[in-house]
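Now, the feature entries from TrEMBL:
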- 21-242: domain 'Xylose isomerase-like TIM barrel' (DOMAIN)
- E143: active site, proton donor/acceptor (ACT_SITE)
- E240: active site, proton donor/acceptor (ACT_SITE)
Amino acid sequence: MPRLAANLSLLFADRPLPERFAAARQAGFDEVEIQFPYSHSIPELATACQAAGVRVVLINLPAGDLMQGGDGLACVPAQTDAFVDALQQGLAYATALDVQCVNVLAGRLPAGVSRQQALATLTGRLQLACRTFAPHGITVTCEAINPLDMPRFLVNDCDDMEALHQAVGCDNFGLQFDIYHMARQQHDVTALLEKHAAHIVHIQFADCPGRGAPGTGTLDFKRIFMKIREIGYRGSVAAELLDPDGTFTTSRCNF
C-alpha cells in the first residue's frame, strides 16, 4: 500500500522545523519529507525525528541560489565544485537521518547555455549523484516543475523526465511525480501516473489551483488516489501543500 508523508517544509509552518516532526505524528503521519533541512544541525533533527517516531523518506540536495530566483546547481556547467559540495552535504544528512530518497532539483536554464548543454550537464551530475548514494542504498530522484511557478526551469513535464531517466541509466535513479506541477500545466494526472508508473519512486500532491489541501481546488483526488493504487505504487505519497490554518491531518486526504 502507498504511505502518506508530510512535507515539513510547508506543513506545520507555525513552529520551528524540529517541532514539526511531533506535529506530523500527532496529525497521523508516520513519514515525513523535508525540502532543505540544512539550516538545522544533524543531531537536532535526528533527535526530533527519533522522539516523534517518524521516518524521513526524502530530502532535497542543496540547490544553491535556486529558491532565491537563481539558476541553481545541477544543470549549470559552471557550478561543478558547488554541486560536489552539495553532494557531500546531502550525503551527510541523508545517511544520518536514514533517508530513502534524495531529490536533485534540475535548476533553471542559464543564460548563454543551450538546452542541450544544460541537459547534458544535468545528466552527468545525476549519474554522479547516483554513484555517490548507491553504496548507502539511497535512491536519487529528479522532478518536473511547472514553468508558470518557476520560469526557465529545465525539466517541466513527464516526457522530459522519461528522456532524463533513459539518459541517466542508473538503477538507483527514479522519477519524483508531483501531482500539483502536472495539474498546473493542465496535464491529465491519472493518465500520466499510468504511463510513467514503472519509473515513479516518489509522489507529492497538492490541489490545483492554489497548492492547498485536497478539496481546496478542482482536482478529483478520489480518482487520483485510486489510480495510484491501481498502478501498484508502493512508495510514499507526500502532502507538499499550503495549509494556512495549520489543521491538516491524514484524515483530510481521504486516502
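Quick reminder: no glycine exception, Cβ is built from N, Cα and C everywhere.
Taking every protein chain shown into account, E143, E240 are the active-site residues, and of these the Cβ with the most other Cβ atoms within 10 Å belongs to E240. When pLDDT is averaged over the domain 'Xylose isomerase-like TIM barrel' (21-242), the result is 98. DSSP classifies E143 (active site, proton donor/acceptor) as strand under the three-state reduction. A gap of 13 Å separates the Cα atoms of E143 (active site, proton donor/acceptor) and E240 (active site, proton donor/acceptor).
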